[in-house]
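S.K.: One structure is given below, represented as structure tokens, and several questions about it will come after.
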Ligand code: SF4
């Protein structure tokens with residue numbers, strides 16, 4: 001796991017500058033957008049690249065075993081910088097929620113510690129700490145304000161995240177989320193739809209609905225079909241071209257959601273659904289109430305109703321007690337599932353979770369060997385599934401990030417409806433798209449993690465300028481031609497939530 005550094009280059013002279021460093025899952029990335037929004041509303045400006053900010057905020061993750069060592073390592077590196085420049089340091093997110101006072105015990109030069117339930121207090125805590133010249137710590141056990149009602153500084157002009165729920169009512173034995181994020185809290189549909197509409201009015205053409213358990217949405221206000229209804233309601237929003245969601249829990253995946261996905265044209269043919277293990281015994285030990293058969297049954301139904309859908313997943317290898325036979329069950333389910341891609345994790349005990357104290361922890365060498373077999377299998381399936389798309393025509397939403405090789409190859413990048421990453425070239429003599437525009441192109445080659453499109457002529461390339469492209473132009477003009485910082489680094493074609501991802 002690495003971090004996302006969300007630093008903004010358009011700092012206003014004279015104001016305090018900030019930088020947010022984000023660790024962990026998409027929830028945290030979205031929370032960091034809110035932290036940026038709050039800070040800018042409070043008068044802070046993004047630090048220019050290469051300068052020392054007046055404030056560094058760490059938005060932490062508690063999912064990985066060594067997350068705390070890494071955080072304290074980063075804090076240690078900042079200590080001399082702080083002594084020299086007098087900056088403020090704030091630590092928030094899941095690790096802060098978990099460690100609370102320990103953060104100040106281990107790093108007394110930190111100014112503010114805040115939890116996952118009180119992001120909105122950050123500017124006040126910073127002010128209080130500055131005024132009193134002492135550290136300020138505030139951790140709440142329950143949510144005060146639903147995070148989405150806080151000001152947000154979005155990372156992308158064409159796409160936005162909308163939290164529909166926070167917390168989780170499940171008790172998966174490997175997961176720290178329930179104890180750190182609390183019970184599920186659902187926003188009211190009207191509030192969610194108003195936020196989606198506001199994003200669309202602002203130029204977004206794509207929205208991803210977020211929740212730790214997105215498809216149990218409605219449990220708090222007693223409507224079991226609330227998530228399907230929400231998807232259908234998103235289908236009514238003019239100008240909203242792409243709707244995605246992450247992550248659903250297989251145990252709660254109901255047919256009304258599949259129907260809503262299939263019957264709502266702007267809900268994209270894509271599903272990220274964590275498998276975690278293909279072994280029923282391990283799923284039981286993980287306290288995940290579905291079984292391998294049920295998982296495969298959901299995929300069958302999804303593919304029957306949405307034939308071109310791409311499914312991605314999360315898998316943990318080496319959970320305590322996992323036998324070779326259990327692992328082979330996972331390999332079998334993966335083979336049958338035909339995932340477009342998978343986030344694979346080696347199990348490591350996480351303090352505070354029931355699994356951490358289970359007997360039969362699996363030796364590292366065994367976990368590593370299984371992990372490599374799983375990766376080899378999934379890589380083969382990814383390549384085979386990608387190959388099937390060669391020769392198809394895809395409409396891509398053009399993204400701002402052209403990928404690592406963009407400068408070298410001259411290709412731009414976009415996402416297909418099923419969320420696969422496509423690098424494409426623009427034929428001579430035609431207009432180049434802006435981020436947020438759509439292009440329709442043929443897929444000419446399949447790579448391991450992405451697809452390539454090199455249209456043979458202008459006839460094979462169609463550009464559709466969009467409101468999001470116009471918004472990009474306006475954004476460029478407002479920021480004096482400085483491009484956006486796109487959050488990237490995830491494995492192409494996949495989305496993630498709840499488990500850590502690699503980002504910078
Ligand atoms: S893994 Fe997901 S479903 Fe399980 S407890 Fe954690 S957040 Fe909830």
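A Cβ is built for glycine as well, from the same backbone N, Cα and C atoms used for every other residue.
Quick paste of what TrEMBL says about this protein:
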- 25, 61, 94: [4Fe-4S] cluster 1 binding site (BINDING)
- 168, 172, 175: [4Fe-4S] cluster 2 binding site (BINDING)
- 16-131: domain 'MTTase N-terminal' (DOMAIN)
- 154-384: domain 'Radical SAM core' (DOMAIN)
- 387-457: domain 'TRAM' (DOMAIN)
S.K.: Using DSSP reduced to three states, classify residue 94 ([4Fe-4S] cluster 1 binding site) as helix, strand or coil.
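M.R.: Looking at the DSSP assignment, residue 94 ([4Fe-4S] cluster 1 binding site) belongs to a helix.
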S.K.: Whole-number answer please: how many Å between the C-alpha atoms of residue 172 ([4Fe-4S] cluster 2 binding site) and residue 94 ([4Fe-4S] cluster 1 binding site)?
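M.R.: One finds 17 Å between the Cα atoms of these residues.
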S.K.: Cα of residue 175 ([4Fe-4S] cluster 2 binding site) to Cα of residue 61 ([4Fe-4S] cluster 1 binding site): how many Å, rounded?
M.R.: 12
S.K.: Restricting to the domain 'TRAM' (387-457), what is the model's mean pLDDT?
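M.R.: Mean pLDDT for the domain 'TRAM' (387-457): 93.
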S.K.: State the Cα to Cα distance, in Å, between residue 94 ([4Fe-4S] cluster 1 binding site) and residue 168 ([4Fe-4S] cluster 2 binding site), rounded to an integer.
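M.R.: Spelling it out, the Cα of residue 94 ([4Fe-4S] cluster 1 binding site) and the Cα of residue 168 ([4Fe-4S] cluster 2 binding site) are 14 Å apart.
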S.K.: How far is it from residue 168 ([4Fe-4S] cluster 2 binding site) to residue 25 ([4Fe-4S] cluster 1 binding site), counting Cα to Cα, in Å?
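M.R.: With the alpha carbons as reference points, the distance is 15 Å.
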S.K.: Just how many other Cβ atoms lie inside 10 Å of the Cβ on residue 25 ([4Fe-4S] cluster 1 binding site)?
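M.R.: A 10 Å sphere around the Cβ of residue 25 ([4Fe-4S] cluster 1 binding site) contains 25 other Cβ atoms.
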S.K.: Taking the binding-site residues 25, 61, 94, 168, which residues show a Cβ-atom distance to ligand 1 below 6 Å?
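M.R.: 168, in sequence order.
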S.K.: Measure the Cβ-based neighbour count of residue 61 ([4Fe-4S] cluster 1 binding site), defined as the other Cβ atoms within 10 Å of its Cβ.
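M.R.: There are 25 such Cβ atoms around residue 61 ([4Fe-4S] cluster 1 binding site).
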